[in-house]
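So the structure is just underneath, and the comments pick up after that.
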Amino acid sequence: MIDSKFMQLAADAARKGTDTWSNPQVGAVIVNQHQTLAVGYHHQYGHRHAEIDALSQLDEISQAKGATMYVTLEPCSHYGKTPPCAKRLAEVGIARVVIGQLDPNPIVSGKGVRILQDHGIQVKVLNDSLGLNVAYNFFYQYQRPLVTLKYAMSLDGKTNGPKNERTMLTATAAQQDVQQLRSRQQAILVGEHTLSVDDPRLTVRTSEMVFPPIRAVLVHHVDEIERHRHLLDQAAPTWVFSETPSTRELPVNVQVFTDPHWTPRGIVQFLANKGIQSLLVEGGSHLQADFIAANLVDDVVIYVAPKMLGGTGLPAAIGQSLTAQTHFEKPTISLLGSDVRIQTRRV
Ligand code: AOF
Ligand code: ZN
């Protein structure tokens, strides 16, 4: 009971790390005699780990002696960008470590706990679901990014008006929510039709990110990108999945990956090899349908705007038929202004 209370505090701290890229969000709390002495978290990719951040919040490092650390993820055992946290906790005399979940990353997994125990530290693993690092956990379990499908539609199921022009369906609150959703992704993918109709910027504009999601676009010919100059700016990396190689020099943040037959599975496998843990598929309808048909949709976030478009507007996810229905969990539904947000995960 007491343990889960302090773990919640650590989890709340973890969520403050909004720019951790492929690293997990981790929080740590140092407690002695039921008193919280320090709270820390992993602020940004490449920065110190949560445990070290918490230690640095102590008035005196000697306060760590005999204390309990609550940490949402197993302390690391490896010399990475920083030395192993498990060793540091032993050095400063932490007596007990309560861990939210074991680290699925094979460079750590179980080894952190062993170091702690070898140094006589008492270890307890709660295995409570803290809801942290969903994509990180998924990536190490399935060796591919977690794919989220997102679209906004009208009450009559259309994503665009009949004239093939950009149709703003949702209002401010839902648009802000999309920014949040984007900020939690490592890559955002759109197809050529969406590029030409919506000309999306594919950036996070609500917060400054050092590691913004990669803007990934699937096009027939690489030159298509030239018509969307903002994708060539420095705001984020741009990865172009094209059938043809580039014939001219592109800015350094733009990379072209050529394959005459890119498929959803091919793209997902390619991203997995690059260590990408999360992918948001934003559109359009045909690309979404291809991901559904390939059974590559893990999460969906759908916004329904209280409007009718009628006529011949493009419906959501239209394309190949499925051989079997894909089932999703009971959805979470919320109201954002006048728009309905539906989120669910594959069963
Ligand atoms: C973090 N933050 O607070 C903890 C992590 O690339 P490195 O050297 O920073 O190591 C990243 C790995 O360290 C990560 O995959 C996870 O296994 C472990 N723990 N990482 O970024 C933290 N505690
Ligand atoms: Zn560490």
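Backbone N, Cα and C define each Cβ position, glycine as well.
Automatic prediction, not curation, is the source of TrEMBL annotations.
Take the CB of Glu51 (active site, proton donor) and look out to 10 A: across all protein chains shown you find 30 other CB atoms. Annotation source TrEMBL lists active site, proton donor at Glu51.
What TrEMBL lists as Zn(2+) binding site is His49, Cys76, Cys85. Cys76 (Zn(2+) binding site) falls within neither a helix nor a strand when secondary structure is assigned with DSSP, and so counts as coil.
What TrEMBL lists as NADP(+) binding site is Ala152, Thr194, Asp198. According to DSSP, Ala152 (NADP(+) binding site) sits within a strand segment. Long-range Cβ contacts of Ala152 (NADP(+) binding site) within its own chain (separation 6+, distance under 8 Å): Thr159, Leu169, Thr170, Ala174, Ile302, Tyr303, Val304, Ala305, Asp339.
Look at TrEMBL and you will find 1-124 tagged as domain 'CMP/dCMP-type deaminase'. Across the domain 'CMP/dCMP-type deaminase' (1-124), the prediction's mean pLDDT works out to 97.
Here the candidates are the recorded positions His49, Glu51, Cys76, Cys85. The one whose C-alpha lies nearest to that of Asp198 (NADP(+) binding site) is His49. Ligand 2 lies within reach of His49, Cys76 from the binding-site residues His49, Cys76, Asp198, judged by a C-beta closer than 6 angstroms to any of its atoms.
Secondary structure of the domain 'CMP/dCMP-type deaminase' (1-124) per DSSP (helix as H, G, I; strand as E, B; remaining residues coil): 39 helix, 30 strand, 55 coil. If you take the Cα of Glu51 (active site, proton donor) and the Cα of Cys85 (Zn(2+) binding site), they are about 7 angstrom apart, rounded to a whole number. Under the three-state DSSP scheme, Asp198 (NADP(+) binding site) falls in the helix class.
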